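Database features, via TrEMBL:
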type: TRANSMEM; residues: 52-73; note: transmembrane segment
type: TRANSMEM; residues: 257-279; note: transmembrane segment
type: DOMAIN; residues: 318-419; note: domain 'Phospholipid/glycerol acyltransferase'
Amino acid sequence: MEAVAEAVAAAVAAGVEPFPAVDKCDASGREAHAVAADLEGTLLRSRSAFPYYALVAFECGGVPRLALLLLLAPLAAALGLAVSEAAAVRVLVFAATAGVRVSDIESAARAVLPRFYAADVHPGAWRVFSACARSRVVLTATPRVMAEPFLVDCLGADAVAGTELATWHGRATGLVDARRGVLIGRRKAQALLDIFPGGDVPDVGLGDRRSDYPFMSLCKEGYIVPRSPAVETVAMDQLPRPVIFHDGRLARRPTPLAALLTVLWFPVGFALACVRIAAGALLPMPWVYYAFWALGVRVVVRGAPPPRAGRAVGRRGVLFACSHRTLLDPIFLSAALGRPVAAVTYSLSRLSEFLSPIRTVRLTRDRAADAAMISELLAEGDLAICPEGTTCREPFLLRFSALFAELTDEVVPVAMESRMGMFHGTTARGWKGMDPFYFFMNPSPAYVVTFLGKLPPEHTCCAGGRSSHEVANYIQRLIAATLSYECTSLTRKDKYRALAGNDGVVDNATGKLPAPATAKKNREAKAC
């Protein structure tokens with residue numbers, strides 16, 4: 001190994017790249033090989049870690065923390081050029097984490113970061129990294145607590161060595177662990193030796209810059225990931241575990257420019273959201289559609305909306321079975337119909353109930369009680385229900401609850417699509433009362449409401465003799481085909497276990513979700 005290190009040093013001194021490009025690596029037949037790789041610029045296309053610090057800053061400290069990170073980012077860049085990479089990392093760590101609870105950082109790393117990491121995987125590095133099946137190790141200057149959930153759960157890494165944060169009484173001090181320091185250069189090499197004691201070093205080392213040379217020199221083969229040309233990222237479905245559930249408020253990757261625009265837009269967007277919410281809550285429903293368009297909220301209606309249920313004796317209302325994208329689905333359904341439609345809800349905040357322009361009725365999760373309540377509401381008029389029970393941001397439909405299919409044959413499937421450019425209008429970890437505000441804070445949010453026509457009698461329970469599960473599955477497939485989504489058997493419980501460390505069951509007495517599981521259990525929860 002010393003001879004390899006000397007050869008590398010000689011090549012660097014002569015101005016020659018000591019390692020071949022990663023596209024020269026033959027990835028075939030490496031099932032018994034081990035690999036060690038850097039993260040930024042290697043496994044990820046981007047060499048900048050700023051977006052991931054920005055995500056942690058915003059999720060853990062909101063706009064003020066993101067603004068602080070933006071103010072200190074030029075200093076970090078200058079120190080990175082004039083002093084060292086380690087100095088730049090220290091500044092970013094301080095700006096993003098000083099005073100933040102470690103549990104909050106862990107939560108953001110598990111629920112928020114994987115979606116953005118997964119959208120930036122380098123195809124050349126991933127080709128080699130995924131081929132080496134014996135052992136996969138990642139060495140990164142990024143704090144380990146931020147990168148580890150994605151690398152282990154989504155990329156199948158066996159070990160992750162990163163910068164360790166200094167903590168005090170469960171909070172990050174903003175400093176790095178004094179004993180270990182920032183994991184750059186020779187510290188990466190030492191970390192690799194700690195993971196592979198006894199000289200059993202990895203077969204392949206992957207890096208992208210000179211500070212990676214020390215650990216790459218310890219490997220039997222080393223390959224560099226070049227900065228150019230630009231390459232397309234690895235498709236999400238090619239990763240071992242694609243990200244289906246994710247959380248966080250930011251909808252786009254917060255590059256420095258995008259983060260600056262977010263900070264500047266936030267007060268303007270919040271004021272605009274208040275105006276939009278007031279218009280929806282105070283205006284008659286037939287006017288809401290036009291008011292939304294005037295205020296920059298696009299509502300696109302497709303298909304033929306059914307007429308209002310008649311007042312004849314014994315005539316029951318229509319049940320609209322909707323795909324679930326945000327808590328505003330029933331409101332935009334009502335806007336598309338031009339009349340208010342009652343909705344059954346679960347875990348809706350008191351503030352959202354107060355602001356809602358339509359009637360909302362809470363589910364109890366008691367099957368008999370809920371069935372009686374839904375039957376009573378249908379006897380009074382039309383009703384909207386989201387059988388998934390919770391939202392999913394990716395193009396997937398969760399398993400449909402079959403209860404609604406047992407109660408009526410007057411079912412109209414509705415495919416709902418929401419489009420948000422800056423903020424997500426849903427959360428599994430934060431205060432749900434802010435969900436409508438974040439949706440309406442987007443500069444030009446949109447909803448597409450597609451009515452799929454009344455369910456044919458042969459596909460219903462009473463007239464068609466189908467089971468409630470067959471009806472629910474049929475409607476799920478119908479909506480999925482309309483939206484080009486994929487049907488899954490995942491449920492609300494799966495989502496909340498992945499993102500919040502609990503089962504997503506609301507305490508009827510308090511109306512709140514249970515506290516997250518312990519940090520150890522959170523680390524064991526799957527984020528993808």
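Glycine is treated like the rest: Cβ placed from N, Cα and C.
A TrEMBL annotation is a machine prediction, not a hand-curated record.
Outside the transmembrane segment (52-73) by six or more residues, the chain places 91-97, 100-101, 104-105, 107-109, 112-113, 116-117, 142, 146-147, 248-250, 254, 256, 259-260, 262-263, 266 with a CB less than 8 A from a CB of the stretch. Across the domain 'Phospholipid/glycerol acyltransferase' (318-419), DSSP classifies residues as 34 helix, 25 strand, 43 coil.
The average pLDDT computed for the domain 'Phospholipid/glycerol acyltransferase' (318-419) is 92.
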